Amino acid sequence: MGSTVNSPSTPIIIPSSPLQTSFIPKTSQLSIFKKKKPFNFASKKLVSCKASDRNQNNADSSSINRLDRRDILLGLGGLYGATNLVSDPFASAAPIAAPDLSLCENSTVTSSSSGTSISVPCCPPKTTNIIDFKPPRFSNIRLRPAAHLVDANYLEKFTKAMELMKALPDDDPRSFKQQANVHCAYCNGAYDHVGFPDQPLQIHFSWLFFPFHRFYLYFYERILGKLIGDPNFVMPFWNWDSPPGMVIPDIYVDPTSPLYDEKRNVDHQPPKMLDLDYAGTEELLSKRDQIKSNLSVMYRQMVTYKTPSLFHGAAYRAGDNPSPGMGSVENNPHTAVHRWVGDKREPFSEDMGNFYSAGRDPLFYAHHCNVDRLWNIWKSLPGKKRTDFTDTDWLDSSFLFYDENANLVRVKVRDCLNSRTLGYDYQKVNIPWLKNKPTPRRPGRGSGSGSAMAAEANTETVIRNAFPIVLDKLVRIEVPRTKKSRTKVEKENEEEVLVLQNIRVDRDVAVKFDVYINDEDDETPTEPEDSEFAGSFTNIPHNHHNPGVKLDTNLTLPLSDLLEDLDIERDDNIVVTLVPKEGKGLVSIGNIKIDFVGD
């Protein structure tokens, strides 16, 4: 095992951008749309469009100077693989393309509460040499261990690898600084969509969340293994979904270790137990009650979200507005862990509490290893809909990462659907949340309770068709249902869902509000272990390069199991209660409706 590391031999070249010229449609393509005006691809007003034809989640928002994304794609020709556009003028395949590194910009980090703003350089080194990913060759599947179970030999190897990564020059793409910057660039506004220079690329709040982070971890792990000469090296996962792992693992709290980060919440050090329903304040729960709450969060987010779009998040295609909608685990507990670890003393809740800085904490990678592990587990649970998307716009979306040899590699989502094809899996541990199904606070209310509750509720807090609403206090909304008493087969084919549309909030503020169904008790707070608790909306502070533009997203919550548990499947209406927990008065909601998701 070597103790010194040389800089990569691959030259770092700064090229002229291959995408600085306009893309002009071919004559044969233009002839299909003779009635359309000529395209001007240099106009930002044209390319900064909202493609509502492909993005159902933003279908209720209007956009000035809108240009259909299919027009743009015709101009881009085959850039996105849409080679059949001439024969099929309505084809609009639009996978997210890997960014053009030569057009990367500094990230802007702001705080609307303090008015402070900084510019952060987080762009990677640039090179014209890009290779396409090929699955690795291996003889054995490597098992990522639970961080709280590793032995001394493993810890020695892990800390040595981290020491060597932190010793690399800052301009080495494999260095700790550059690897942390990967998250900053993809998640805090450094990149635009290729061909859409005013449309920021954001891999959160969409179906890109899981595959992006899987590849990010994969290459990070390969770099660590290369530095210590061990191709079989694996990173640990923070097993926060099980009681033994619900504290920060000991290996990350030694101030002399390269795994330590001083920018963490000082009140959340071991033995403080993690809160997977964290809302910015300390809950005075006993250890037993905190475990029960955490396990209930896990059950709801993993078991009741039964379709690809509910689990992964909303579709996100080339030219779409960012942040169409989070999937279950990304929303919570992923966000809760980030915010629970982040240091409130820091101006932007660094490190884990902000997208731009999260990768600077070594604990980030253990956290996301567990998130990645949950993707594997979700697909193993019962239910015929628990599969990944088959949509080629998802499968062919691509990213760029530097590998262990400092080569820039283009990867596609389709290359990472099974972690075992990448050569790794996870140590088997107990999954106690599978037996922690939430239960109703008031069981047996039966049919008609929704209508009765709407009539009995305080009229000052009941909203009927009065949107948008601002969440500056608890509000109740009566929502009509279009289908009642569905059969088992109907439920298996389509999940009844509650959709909160056009949730608008400043991107740089921490926000959480909870959603309850038919909960009429104003005195005793509803908890995650109650069936009436439908879920939450959360936001980690982040930014894009267009300051002042609010986050505009959607939240989709499954209802089928909840309605059955509360015995209200035959009700004409449900009463939705929204309770702001953090960021009171900072969130508005454009509409709430019930829909059905089949994927």
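Every residue, even glycine, has its Cβ placed from backbone N, Cα and C.
Bear in mind that TrEMBL entries carry predicted annotations, made automatically and left uncurated.
The record in TrEMBL pairs CYS184 in a disulfide bond with CYS122, which is drawn from CYS104, CYS122, CYS123. Among CYS104, CYS187, the cysteine that TrEMBL records as disulfide-bonded to CYS123 is CYS104.
Sorted by the number of other CB atoms within 10 A, the disulfide-bonded residues CYS123, CYS184 start with CYS123, the lowest.
Per Cα geometry, HIS368 is the residue among the recorded positions CYS122, CYS123, CYS184, HIS334, HIS368 nearest to HIS213 (Cu cation A binding site). Shown for the domain 'Tyrosinase copper-binding' (361-372): DSSP residue counts in helix, strand and coil, namely 10 helix, 0 strand, 2 coil.
Same-chain residues that are not part of HIS183, HIS204, HIS213 yet have a Cβ within 8 Å of the Cβ center of the Cu cation A site turn out to be TYR186, CYS187, ILE203, PHE209, PHE212, TYR216, PHE355, ALA358, HIS368.
Counting in whole angstrom, HIS338 (Cu cation B binding site) lies 13 from HIS204 (Cu cation A binding site) by their C-alpha atoms. Using a 10 angstroms CA-CA radius around CYS123 (disulfide bond), none of the binding-site residues in HIS204, HIS334, HIS368 qualify. Note on the domain 'Tyrosinase copper-binding' (204-221): mean pLDDT across this stretch is 98. Long-range Cβ proximity for HIS368 (Cu cation B binding site), meaning a same-chain Cβ under 8 A and a gap of 6 or more residues, is found for HIS213, TYR216, LEU217.
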